[in-house]
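Annotation source TrEMBL lists active site, proton donor at GLU95, GLU336. Positions annotated as active site by TrEMBL: ASP242, GLU354. As annotated by TrEMBL, Ca(2+) binding site applies to THR443.
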Amino acid sequence: NQVLEMFDHAYSNYMEHAYPADELMPLTCRGRVRGQEPSRGDVDDALGKLVYTGTEHLLTVVFQVLNKTKEFEEAVKKVIKDVNLDNDIVVSVFETNIRVLGGLLGGHSVAIMLKEKGEYMQWYNGELLHMAKELGYKLLPAFNTTSGLPYPRVNLKFGVRHPEARTGTETDTCTACAGTLILEFAALSRFTGTSIFEEYARKALDFIWEKRQRSSNLVGVTINIHTGDWVRKDSGVGAGIDSYYEYLLKAYVLLGDDSFLERFNTHYDAIMRYISQPPLLLDVHIHKPMLNARTWMDSLLAFFPGLQVLKGDIRPAIETHEMLYQVIKKHNFLPEAFTTDFRVHWAQHPLRPEFAESTYFLYKATGDPYYLEVGKTLIENLNKYARVPCGFAAMKDVRTGRHPLFLHRMDSFFLAEMFKYLYLLFADKEDMIFDIEDYIFTTEAHLLPLWLSTTNQTISKKNTSTEYTELDDSNFDWTCPNTQILFPNDPMFAQSIREPLKNVVDKSCPRGISRA
């Protein structure tokens with residue numbers, strides 16, 4: 001009930017004060033429209049005058065607010081009426097894919113499910129899917145490179161390298177930017193029968209795989225989209241790489257193609273060999289993987305325990321999650337980056353949902369009520385320190401948390417992901433109007449149905465087994481692990497893993513923040 005109330009508070013304020021702007025500025029109760037506010041540099045590439053927040057809320061409304069399915073119906077109608085995909089504006093290919101294309105496809109998935117049930121959405125005729133296809137075609141010019149890796153930005157009206165496009169001169173992109181397309185692009189191909197989207201996303205993944213460092217099986221953070229040379233040669237599981245690994249495993253789950261699982265397992269073996277230093281996950285150099293590349297971790301790696309749950313590797317997931325929770329108990333939120341001795345490196349906190357995501361998956365895997373208490377802590381901290389009259393505001397410094405120091409933003413991922421995972425953490429099966437196990441989450445927590453794996457399979461699967469001879473994968477089972485076998489049905493098991501980590505964060509450092 002608390003989560004539902006918090007979602008209502010954030011969503012209703014966005015609709016009242018900001019819609020159809022991309023974001024709500026929660027301190028002044030106004031919408032952020034790109035070009036009308038001072039530029040924030042690359043951050044604004046996530047804004048496309050596309051009603052990002054409204055599009056991202058589609059799925060959130062339908063099962064967050066279970067008794068308000070009519071609101072979902074109204075949200076769909078608003079997006080169909082108000083979202084303009086033909087703007088002369090330069091946007092991030094990555095952000096537009098995961099937020100807007102993913103939101104449209106997730107909304108379509110839920111719309112057709114509700115229509116099939118016979119009570120709601122009877123008027124729906126695939127309008128969101130038509131919009132998704134239009135957007136997909138607008139993203140395709142970004143892939144006009146010899147490597148198949150997309151340019152990081154595209155003009156929605158003029159594409160790339162057009163005289164009026166104002167983009168197309170970039171040479172580098174991040175690994176996650178190029179490697180986090182396959183779920184949305186493949187779903188678009190499977191829904192529509194148009195294979196080109198899945199083909200382009202697969203080609204980008206194939207190129208990254210070919211360019212991995214062969215001796216370590218690691219990938220760098222940024223890559224030259226024309227030559228394939230690694231520009232930044234550090235490697236970790238956080239910012240710049242994170243969702244590349246996530247999408248390899250989830251592409252296997254959604255599409256059933258063994259090559260994705262083989263690639264993931266090859267990378268995962270390297271991650272656990274070099275990057276994992278329990279309970280830490282530290283970046284290393286791809287050519288010298290025994291050498292740490294830095295002495296701090298970024299908060300985006302908080303997704304990784306959840307991915308380890310999906311992989312079936314529960315013990316290290318519990319360890320890393322517990323370490324992160326100890327940092328949260330010290331600072332009330334995860335700072336954007338913190339050192340190996342758990343001191344703040346970058347102090348801001350933009351309401352990221354990755355830790356809540358991993359908490360949900362660990363609870364699903366273990367059934368340990370400890371993770372419900374973790375979720376309760378997250379809710380209490382959000383309400384106590386981030387809540388403002390017009391929503392929730394990102395924090396500039398977790399060490400102070402004073403109201404004047406809040407960042408002026410409430411990103412769409414906060415509503416699309418944070419409340420969804422917190423709601424699902426506490427929801428019983430009977431609270432759901434559909435079976436969540438029939439869907440897979442995208443990196444932005446949009447839902448894609450698993451039945452897509454057998455629909456419109458137009459992509460030929462080449463035999464790539466010879467690529468994997470360098471890895472002894474005898475310890476990998478090619479089926480999704482059964483957590484009941486991996487994880488003893490004993491609540492003390494998880495506690496025994498967590499216990500040694502309870503003092504891992506220096507308790508003497510000051511904690512607790514005050515409101516101005």
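The backbone N, Cα and C atoms fix where each Cβ goes, glycine too.
Remember, TrEMBL labels are computer predictions, not curated facts.
Features per TrEMBL, on structure.
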residue	record	Cβ within 10 Å
GLU95	active site, proton donor	23
ASP242	active site	25
GLU336	active site, proton donor	20
GLU354	active site	24
THR443	Ca(2+) binding site	25
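Per Cα geometry, GLU354 is the residue among the recorded positions GLU95, GLU354, THR443 nearest to GLU336 (active site, proton donor). Between the C-alpha atoms of GLU354 (active site) and ASP242 (active site), the distance comes to 11 Å. Put simply, GLU95 (active site, proton donor) is 11 Å from THR443 (Ca(2+) binding site) when counted between their Cα atoms. A Cα-Cα distance of 14 Å separates GLU95 (active site, proton donor) from ASP242 (active site).
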